[in-house]
Amino acid sequence: MEGKLIGKSTIIEIPENPLRTITVEELYDDGKFDFSKMEEKDLFLLLESSRDGLTDDQVNERLEKFGPNKIEEKKRNPILKFLSFMWNPLSWVMEIAAIVAIALTNGGGEPPNWQDFIGIVLLLIVNSAISFIEERNAGNAVQALQESIAPEAKAKRDGEWKVIEASMLVPGDIISLKLGDVVPADARVIAVHGQLLMNQAALTGESLPVKKEIGDELLSGAICKQGEAEAIVMGTGKYSFMGKTIGLVGKHDDTAHLQIVMGRIGMFCICCIVIFLIAQIVVMYGVFRYEYRRGMNNLIVTLIGGIPTAMPTVLSVTLALGARQLSKQKAIVTHVSAIEELAAVTILCSDKTGTLTLNKLVIDRQTLKQYSDVGLDDIIRYAAIASRTHHQDAIDACITEAAGDIQSIRKGIEELHFKPFNPTDKRTEITYRTINDGKVHRISKGMSRVILELCTRDKTDELIEQLQKDVDEFASRGLRSLAVAIEDVTSGEVGGKGNGFKLIGLLPIYDPPREDTKETIDRAIELGIKVKMVTGDQLAIAKETGRRLGIGDNMFLSKVLKDGPPEGSAYLDIDDLVLHADGFSGVYPEHKYEIVERLQNMGHMIAMTGDGVNDAPALKKANVGIAVADASDAARSAADIVLTEPGLSIVIDAVLGARKIFQSMRNYSVYTCSMTIRLLVGYSILLFAFQYDFPSFMLLILTLLNNGTMMTISKDRVEPSPYPTKWLLSDVFIHAIVYGIYSALSTVALFLIIIKTSFFQERFDVNEIHYRPLDSPTAPGWNDPVLNSIIYLQASIMSHGLIFITRSRTFFFLDRPSFMLVISFVLAQLIATLIAVYANWGFANVAACGWTWAGIVWIWNLIWFFPFDLIKFALAAYFEPKKKLAIEETLQIEPSTPEQRSRREIMTSAQKGSTPSIERRLSTMSEKGNSSFEETIVRAAGRYFAPHTRDLTVSPYHHHHHLARMLAGNNDNLYRISADSENLRKFSLVQAHHAARILKAQEERLESETTPV
């Protein structure tokens, strides 16, 4: 089987039944079988294939030997995955609390705090178990959605072309490629139709498309930019270029946006805990001179109470279930982090043809012009007779459809001669005989100038002038003009001379908007989203479409992006024009990219629709790239969301769905941070003012019930925000601090009334709470077991009830929550009430308070609960106007005022250190080398939440997006890859070129490290 080099080809000896006798490892050993240099006939012989493709039996046999054509992800050990949910900053605090409970609470003649230790460990296990189950279900749901848009390939099987899933390709398959297709497996060209150009930038870093000819190798993941080809598959799955490269490099682990958000919230809670821990240590041991054991018990309360342990699971499960919900609205999310960005979209750049319009020509009957006594319907009928009945172009199809059934149009006539449209004559002509009287007639339709020159009968100066005016009117409105003329052939002969053509009408033809587009755009404006038309069509057509749809006609040719605002325009610069323009015409892919980039630089979140291979750069650049229905593989691979039905309404429905999902996540984030503040502030005040020690075991129960309730928040029904939404954590934290302090005050106020007055005892005849001396061996001071039960019940009800405040934008009782949330709240508070009423747990220092005290607590909480809405409205009055100002500037067409420009610059600079597309921004910051210490800490913390997001970001279309970047790293530091040079040598020529760059970078780095300064 050794090869001999003859010229440019290698002649090899191939055994009989090679795929049965040769192992897979031997087949892909370039030293034995170099596919790139092998003769074509030898390649077909080696792969036991032919130009008619493979049979089903061959395919099944090869699938068993080579496996499916996909890059298998390494499955994680379920036990390790389960344990990983205990390895993040929030869990670390709980684990520290467990260590404190078992190892550091000895003393005072008492054993270690076994109850708290067991409770904390059980809480960690329960949280991890719920997280593990929910994340697995969520990951399965997302994976099922992604598989529904799995890439396809056109392969020849049993001599016939069939469309199959790309994962079913095997070596020896014959595949067909056209413009926009992604190469599904490593292959070799065997036929070319036209010039074949392949974009390999995502694989090799080559910026320009590469010309390919018969015999050349095609890499899996490359995109066909021009031409068509047929190729024979050589390598699939892990034996393809992409499979080998990913095997060497390993998985590229980006920190997802959701991880960063969880990292920031986690750091907020941890910082609060550290501050209060230090304060408590100073006060308890430095001022109150607490015994060691008593002080440590209080520290455990602080550690447990401040941690939102359920947060990672709640947020990520909400995203996953949201992705499944969006799929029901015909919008499939290719990676879940796009949901957050879709909720924040402020400007939607949309194609015209096929998205805003039907991509189907029709006649505008209302503006049809007639120049004789022939009626409007007859003008259309004459035009339809002069149209093809088979193999119609778009214009013929629209005319015949307007006239009615194609068969009834030609009924009663006999076609004698038909002259189809051609670029020279620019008209069609038909000569026909009417069967009932035998007379011969002739009809011609086409370009208005050509038809006018053809006419000789009833042709006056007034008619010529009127026709020109009508054509100009149509052109100004973006309507195509089609003139129709008729004549009688008195001789009755096919080629006989007629009595002269007479102009009878002018048909206005246009691509109409979809029925729901105008309503959809009105909805978008109400939601604070500016819709910009970005089209390659003529400016007049774009303006007319914009007027019909309500987008507006403040549109410009794409050349303004280079030349600047037109003379006499009030716009100060290109950015101002791009922001306020209603759209652009004559647009090419590079213009789309620039429009998106300029809008992003002004702080806007941009969604861009596209369908072709040339749209891929802009789709990838946009915050949310949307591949419309029937988009090319290249567009789908670049997009974040793939639509399965045409039309803009799907996009707006998806935006609404994304906002609901985001609102649920924000609601929970405000809630969970409020609970941290509420517990830390409330119990610290009671500790500092009254030396009150809340039992840590009861806080564990409160946390466990709270987490169980919050798991239902992902299925809650919420109202979407009327404005674009994004993670403004300052907004979250301010709401949390205000809500938390108010909740803490409700507890402190109840405590004060109980111990300082006899109000409840006199009116409700309940037992009095007794004060014990501070040197009492049991429950000193106000640490009464009954009081502990009362405070526990009050904290449980008030804490859990806050979710009904954070989830609504209006009065909480006007916004109906989901049934599951209500039921879980009722069950949790029923359990909490029964514990407070009946539990006599000496180890937890609680005693039964009875039903009267329980009723007092419920009424007390209701009194304090209603003002929560007023606080919410006051906070909204502060934050909402700022959002409205930003939206008003986006929607206006007038140039920005100096105040707006100044505010935009401030917001833009502020957002550079804040939210939306964290993954993109972090990569940019890394490239510039200016990542702050804070960002480094937050990103490091965020990575520990990977178990909650890893299963939500897998996409069949995103394997190859950043392969070259994976090889290069963020700074083109190619030496980052640990790769064996012998393995790299086995790559093809293109791969070897990449390997040389890697090895060279390694050498340069080593030289720089060893060269003395």
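Placed from the backbone N, Cα and C atoms, the Cβ positions cover glycine too.
Unlike curated records, TrEMBL annotations are generated automatically.
Here the domain 'Cation-transporting P-type ATPase N-terminal' (34-106) has a mean pLDDT of 80 out of 100. Taken from TrEMBL, the feature domain 'Cation-transporting P-type ATPase N-terminal' applies to 34-106.
Look at TrEMBL and you will find 85-105 (among others) tagged as transmembrane segment.
Annotated transmembrane segment per TrEMBL: 117-133 (among others), in sequence order.
Positions annotated as transmembrane segment by TrEMBL: 265-288 (among others).
Per TrEMBL, the feature transmembrane segment maps to 300-321 (among others).
Counting residues 6+ beyond its ends, the transmembrane segment (668-690) has Cβ neighbours under 8 Å at 261, 265, 268-269, 272-273, 276, 279-280, 283-284, 298, 301-302, 305-308, 310-311, 314-315, 318, 699, 706, 710, 713, 732-733, 735-737, 739-741, 743-745, 747-748, 751, 755, 781-782, 795, 798-799, 802-803, 806 in the same chain. Here TrEMBL flags 668-690 (among others) as transmembrane segment.
As annotated by TrEMBL, transmembrane segment applies to 733-755 (among others). Remote same-chain partners of the transmembrane segment (733-755), defined as residues 6 or more beyond its termini with a Cβ less than 8 Å from a stretch Cβ, comprise 268, 669-670, 673-682, 685-686, 690, 692, 769, 771, 782, 787, 790-791, 794-795, 798-799, 802, 805-806, 857, 860-861, 864, 867-868, 871, 875.
Per TrEMBL, the feature transmembrane segment maps to 818-839 (among others).
Residues 734-735, 738-739, 742, 746, 749-750, 760, 764-766, 786, 789-790, 793-794, 797-798, 801-802, 805, 811-812, 833, 836-837 of the same chain lie 6 or more positions beyond the ends of the transmembrane segment (851-875) yet place their CB under 8 Å from a CB of it. Under the heading transmembrane segment, TrEMBL lists 851-875 (among others).
As annotated by TrEMBL, region 'Disordered' applies to 895-930.
Residues or ranges marked as compositional bias 'Polar residues' by TrEMBL: 908-930.
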Residues of the domain 'Cation-transporting P-type ATPase N-terminal' (34-106) by DSSP state, where helix covers H, G and I:
43 helix, 2 strand, 28 coil
